[in-house]
């Protein structure tokens with residue numbers, strides 16, 4: 001029952017807070033000493049219980065007349081911080097279980113397949129538990145001026161649907177409890193089943209590097225900036241599509257009872273096609289996979305808006321969108337280790353920045369999610385969106401068409417144009433791999449000669 005404006009403020013402030021915590025957590029991880037659990041795993045283990053508690057409180061409705069905005073703002077920021085303490089080391093594990101590019105690519109494909117599958121599972125759990133609560137829509141009352149419409153709708157909500165709101169709140173709490181339990185279970189499986197290889201990790205540098213010096217080195221690396229800039233726009237496009245597709249199906253297309261199944265079709269399609277994109281990038285290269293995979297959604301996004309409402313066409317578009325979502329999920333994480341290898345070659349004497357690379361990548365992923373939610377909420381609020389209304393004004397339907405078609409298509413095209421500047425193609429990747437291998441062999445031979453000299457002296 002918060003005003004959409006305050007919801008947008010909470011999302012924007014939370015993402016701004018992420019801009020501080022993500023690189024800071026990455027820096028602190030890079031300075032963490034080695035333990036018997038590794039360097040990354042303690043962050044995952046100790047952040048999990050607190051993250052689950054804060055997640056549960058995000059969905060809790062406090063019985064206070066004032067201060068709800070501050071409640072959600074505080075716990076949203078706390079949850080984002082704790083998720084950073086989990087997600088940054090979890091993502092960076094890819095670099096520290098193997099040095100081989102092919103093995104890291106394979107690990108990334110497995111990780112993203114299960115991550116998308118987890119999104120499907122979360123969508124299903126949240127949708128089914130909350131969806132079982134019958135929440136009747138509200139007919140727009142007659143003889144109410146537009147300026148007082150939102151206030152009147154809020155009064156109707158509070159007076160006539162108090163029981164329904166209570167059931168909905170309880171359903172969200174149950175869903176939060178179930179998902180929190182899954183969070184703990186997955187963290188246990190991760191901590192028991194994965195071990196960092198000490199010889200693979202290069203988190204500790206020979207000389208201590210200050211936070212700002214390390215940050216400057218990372219953010220001055222051209223390949224990294226071009227990669228995250230291109231995917232910033234394409235990720236924002238798909239976040240807008242996913243975030244507004246349910247409302248688009250409900251009000252613009254008229255499929256009120258089908259939108260949960262349509263969202264599941266998107267995510268299942270994404271899950272099943274990640275192995276295909278892993279094969280595609282191995283066969284044709286990662287840059288080619290980016291162009292083909294992400295641009296394939298454009299014609300379908302145009303079709304779903306241009307054609308009349310049709311359930312079969314909507315499902316086809318959902319499956320096609322899922323195929324592109326799979327490419328958008330997999331390729332950024334598959335290409336990031338290549339950027340780090342390129343950085344190591346350009347700065348051979350400056351090591352231990354891998355966690356900072358991943359922390360900024362995690363930040364941009366969460367940043368696009370927050371920006372898309374903020375844009376959607378403010379746009380719909382300005383268009384006159386009526387919460388739980390049986391129908392919406394024509395301005396809202398037009399806004400939804402823009403948010404799921406025109407704006408994502410424009411962002412995808414802009415992101416692909418920017419991505420042409422990304423310098424690491426397959427030839428460059430092979431050159432980097434050979435150069436790194438030569439450096440390691442040179443380092444090993446130098447270490448062996450030093451040991452031999454020391455032995456002779458003794």
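Residue numbers in this text run from 1 along the chain shown.
Glycine is no exception: its Cβ is also placed from the backbone N, Cα and C atoms.
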Transmembrane segment range according to TrEMBL, out of 123-146, 147-170, 171-194: 171-194
Range annotated as transmembrane segment in TrEMBL, from 261-281, 429-449: 261-281
Per Cβ pairs under 8 Å, the stretch of 69-90, 223-241, 261-281, 288-306, 355-378 packing most closely against the transmembrane segment (40-62): 69-90
Stretch among 171-194, 223-241, 288-306, 312-334, 398-419 sharing the most Cβ pairs under 8 Å with the transmembrane segment (261-281): 312-334
CB contact flag for the transmembrane segment (288-306) and the transmembrane segment (69-90), at least three pairs under 8 A: no
Most Cβ pairs under 8 Å with the transmembrane segment (69-90), selected from 171-194, 223-241, 312-334, 355-378, 398-419: 355-378
For the transmembrane segment (398-419), distant same-chain residues with Cβ under 8 A (at least six beyond the ends): 226-227, 229-234, 236-238, 240-241, 243-245, 247-248, 251-252, 287, 290-291, 294-295, 297-298, 301-302, 304-305, 375-376, 379-380, 383, 385
Secondary structure composition of the compositional bias 'Basic and acidic residues' (433-443) [DSSP: H/G/I, E/B, coil]: 11 helix, 0 strand, 0 coil
